[in-house]
Amino acid sequence: RPVRQRGRRYENRPSCELERFIGECFRSGDLDPEDALDLFDELLPQARQGSVYALTRLLTTVARAPVSSAVPNGPALAVSMFNRMARAGSKKVAPTTVTYTILISCCCYVGCLNLAFAALGQIIKTGLRANAISFTPILRTLCAEKRTSDAMNIVIRWTPKLGCTPDVFSYTVLLKGLCDEKKCEEAVDLIHMMAEDGDHCPPNVVSYTTVIHGFFKEDEVGKAYTLFCEMLDRGIPPDVVTCNSIIDGLCKVQAMDKAEEVLRQMFDKHIMPDCTTYNSLVHGYLSSGQLKEAVRILKQMSRHGQPPNGVTYSMLIDCLCKFGGHTEAREILNSMIQSRGNPNVATYGGLLHGLDEAMLTFNKMRQQGLMPDIISYGTMIDGLCKIGRLDAAMSQFCQMIDDGLSPDIVVFTNLIHGFSMYGKWEKAEELFYEMMDRGIRPTVVVFTTMIDKLFKEGKVTEAKTLFDLMPIASVKPNVVSYNAIIHGYFLADGRIEDVLTLFREMLSKAAKTDTVTENIIS
C-alpha cells in the first residue's frame, strides 16, 4: 500500500477501483483512521449507489479509532462524515442499515441518545429493516443511565412490532442492567422468560453468569449457587469464567464444601481450572485458618500444571506472617525468586509486618528492582516508631521522599505519635508543621495528641495556639480535645477562668461531656 502524508490524495481513480482498494485495506486491517478520512474525501464527490459499502467501512474505521492528534474523537467525527453523506443525497448514496447502526452507536457514545433514536427512526422511515444490532447501543446506553425499564420496554414491546428479533446479546445487556440496579430477581424472571420462549432466544452461559455475578455483588450467595445449579440442570455447560465466579463467591463466605464440589464438577466436565480458580480456594482456606487445606490445594495446583503466581505467594506470605511464621514466609519468597517468579510490592508487603524481617525485606525488594510503595514505607515507619528506633524511622521517611513518594497523613501521624511517646517534642512539633506546610490536614487525633503533650511539657501558650488552629484547619474539636486542654489548664496553676470559658464553649458547640470531663471539673 502506498504511504502518504495526511492531506495528500491517492492518484485520481475511478470510484469502483477506489472502492475495491478500500475493501482490501479494510479486510486486511491495513486501513488507518487518517487514511480513512482522506479516502472519504476522495470517494464522496464521485460516489454512486454502490459506494455506500466502501463509505460505511470508512465510517467504521474512524468511529473505532483510538484517540490521537489526527482523530481526537472518532465517534463525533464519524457523525460529521455521515452528515456529509446525507447532504450528498440519497439518490447518490443511500445509507444502509449497517450505516445507520454505526451512526446510532456513535450518537450513543457521544451522549446524544435523542439523535440515536432519530437515526433508528430513519431506518424505519426509509423502509429498511432494523436488526438486533441496531438496538444494542441504545439498550446499553439506557441501562448505563439506570433506565433499564425503558430498555426492557424496547426489547419486549417495540422490537416485535418492528419485525425485529432480539438476540441473546440484547437480552444479556438487559440482564446486566437489571443486576447493576440490584434487581437480580427480575433478571432471573427474564432468564426464565427466555427459556420458556423455546428455541427463539434461549439463555446461554453468559446470560446465567451475568446474573450469578449480580447475586454475588448483592451478597446473595445461596441464590447465586441455586441459579448455577439451574443452569446445569438445563444442560448449559459452564465455562471457566462461570466456575471461577461461583468458587470465588463461595470461598468468600467460607462455604468451602460447595466450592470444592464446583471444582469437582469442573474436572467432570473437562473444564481445566486456572490460577484464578486455585487462588480463590487458597484464599478461602487461609481466611478460615485452614492452612493444611490451603497447602493441599497448592500441591493439587502444581500437579495440574498451574504453578502458583504472585497472588498465590502474596496470600501465603501474608497469612504466615500474621501467625508469626516469618521464617517460613521468607523461605517461600526465596523459593519464588529461585523459580523465576516475579514478586511484586504486595508480595513483600506481608513480610514487612514482621519488623525483625523488615529491613532484610526492603533490601531484597531493591535487589529485585522494586521500589517500595507508600504502604510498605508506612508499615516500616510505624514498626520502627513503636520500638523507639526513631532515627531509623526518619531515615526511611527521607528515603521515601528521595524515591519520589509523598508522605501521607498515616505516615506523619505515626512519626508524630512515635516522637511524642518518647519525649522528642521538638521533632514531633517540627513534623506537625511540615505536614501542615505540605497541605495535609491533621486529624483531630493528631491535634489532641499534640495539645496534650505540649501541656505536659508546660508549653501552655503553644498548646492554646494549636487548639485555636483546629477550626482554621477545618478540624472540629471533640470531647477528648476539650478534655486535654481543660486538664492542661488545671495543670498550669489552676487557671479556673480559662477552664470555665472552655467548658461553656464545649457545651455551646454541642460537644457532649463524658466522665473524664466531669472528673476533671470536679
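Using N, Cα and C of the backbone, Cβ positions are placed for all residues, glycine too.
TrEMBL labels come from automatic prediction, so no person has curated them.
Just so it is clear, the model here is predicted, and its values are computed rather than measured.
What TrEMBL lists as domain 'PROP1-like PPR' is 5-154. Annotation source TrEMBL lists repeat 'PPR' at 96-130, 167-201, 204-238, 239-273, 274-308, 309-343, 373-407, 408-442, 443-477, 478-513. What TrEMBL records for 97-120 is transmembrane segment.
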In this predicted model, what is the average pLDDT of the repeat 'PPR' (408-442)? 85
Residues in the repeat 'PPR' (167-201) grouped by DSSP into helix, strand and remaining coil: 26 helix, 0 strand, 9 coil
In the same chain, who gets a Cβ under 8 Å from the repeat 'PPR' (443-477) while lying at least 6 residues past its ends? 409, 412-413, 416-417, 420, 425, 428-429, 432, 435-436, 484-485, 487-489, 491-492, 509, 511
Over the span of the repeat 'PPR' (96-130), count residues by DSSP class, listing helix, strand and coil in order. 26 helix, 0 strand, 9 coil
